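A.B. asks: First the structure, then my questions, so here it is.
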Amino acid sequence: MIDAGNVISVLVFLSPVEAFWKIVKRRSTEEYECLPYICTLLGSSLWTYYGIVTPGEYLVSTVNGFGVLAESIYVLIFLFFVPKPRFLKTITLVLALNILFPVIAIVGTRTAFGDAKTRSNSMGFICATLNIIMYGSPLSAIKTVVTTKSVKYMPFWLSFFLFLNGAIWGVYALLVHDVFLLVPNGMGFFLGTMQLLIYAFYRNAKPNVKDEEEALAPSQPLLS
C-alpha cells in the first residue's frame, strides 16, 4: 500500500508536465493558474523537512524531495512566462508561500518546542493542513472553467492523480488507524472527486468564445 502511495505521489508531481510543455511552446502561461504548483511546492518542502527530522520516515523525505525539485521547476517556468500584469502577484505568492512561510514554520516549531517528538508532531499537523490546501488548489481554475464553459485551463491530470493519491493514502490511514493521515487524504479524495465531476460536466460543453477571449485579456484581474 505504501509503495502504491509513493508511486501515485510521484505521478502527482509529474502530472503537470504536459501543461508546462504547452506553456513553453506558446511562451505564455495564458489562463493557467500557478496556485496549485505553489501550494504543492510548499507542502512538499515541509513534508521533506518532516521526513528528515522524524525517525523512520525517510520515504516521506525522498518522495517529497523529488516533489520539491519538480515543483520548483514548474514555478520557475511559470514565473518566466507569466504575462507582465500578473507577474507581481505571482512572485509575491511565491515569496510568501515558498520562502517566508516554510522558514517561519521550521524556525517557529524549533523555537517553541524543545522536545523533538513534539516538534515532529507539530510539523506533521502543519503538513496535514497544507495537504488539504494542496488537494483543493486546482479548484482555483474553476472560475475560468465556469465562465468560459471550457476545461482548457483546468489541470485534469493533476486533479486525477490527487484524487488517486487521496484514495490510496486514505485507505492506508483507515488500515493503520491514523487520523492525522486520514483527515487530509479523506478531504483530498472528496475534493478530487469534485474536480473530476466538474471536468466531466464541462468537458463536452460548447465553449463561450467571447468570455474566453475576455478571460485572456491582459486587463482581466486574475489569481495567479
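Including glycine, each Cβ sits where the backbone N, Cα and C put it.
Where the annotation comes from TrEMBL, it is an automatic prediction and has not been curated.
Got these off TrEMBL a minute ago, pasting:
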type	residues	note
TRANSMEM	6-23	transmembrane segment
TRANSMEM	35-52	transmembrane segment
TRANSMEM	58-81	transmembrane segment
TRANSMEM	93-111	transmembrane segment
TRANSMEM	123-142	transmembrane segment
TRANSMEM	154-175	transmembrane segment
TRANSMEM	181-202	transmembrane segment
A.B. asks: Is it true that the transmembrane segment (93-111) and the transmembrane segment (154-175) have 3 or more CB pairs under 8 Å, sequence gap of 6 or more?
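C.D. replies: Not in contact, no.
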A.B. asks: Are there residues at least six beyond either end of the transmembrane segment (181-202) with Cβ under 8 Å to its Cβ atoms? List them, or say none.
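C.D. replies: Beyond its ends, the transmembrane segment (181-202) has Cβ neighbours at 128-129, 131-132, 134-136, 138-139, 142, 145-146, 149-151, 154, 156, 159-160, 162-167, 169-170, 172-174.
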A.B. asks: Apart from its near flanks, which chain residues at least 6 from the ends of the transmembrane segment (58-81) lie with a Cβ under 8 angstroms of it?
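C.D. replies: Hits for the transmembrane segment (58-81): 2, 6, 9-10, 12-14, 16, 20, 23-24, 27-29, 32, 34, 37-38, 40-41, 43-45, 47-52, 87, 90-91, 94, 98.
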A.B. asks: Which range wins on Cβ pairs under 8 Å with the transmembrane segment (35-52): 6-23, 123-142, 154-175?
C.D. replies: 123-142
A.B. asks: So if I exclude everything within five residues of the ends of the transmembrane segment (154-175), which remaining residues of that chain have a CB under 8 angstroms from its CBs? That is, six or more out.
C.D. replies: 1-2, 4-5, 8-9, 11-12, 15-16, 18-19, 32, 36, 134-135, 138, 141-142, 144-145, 181-182, 185-193, 195-196, 198-199, 202
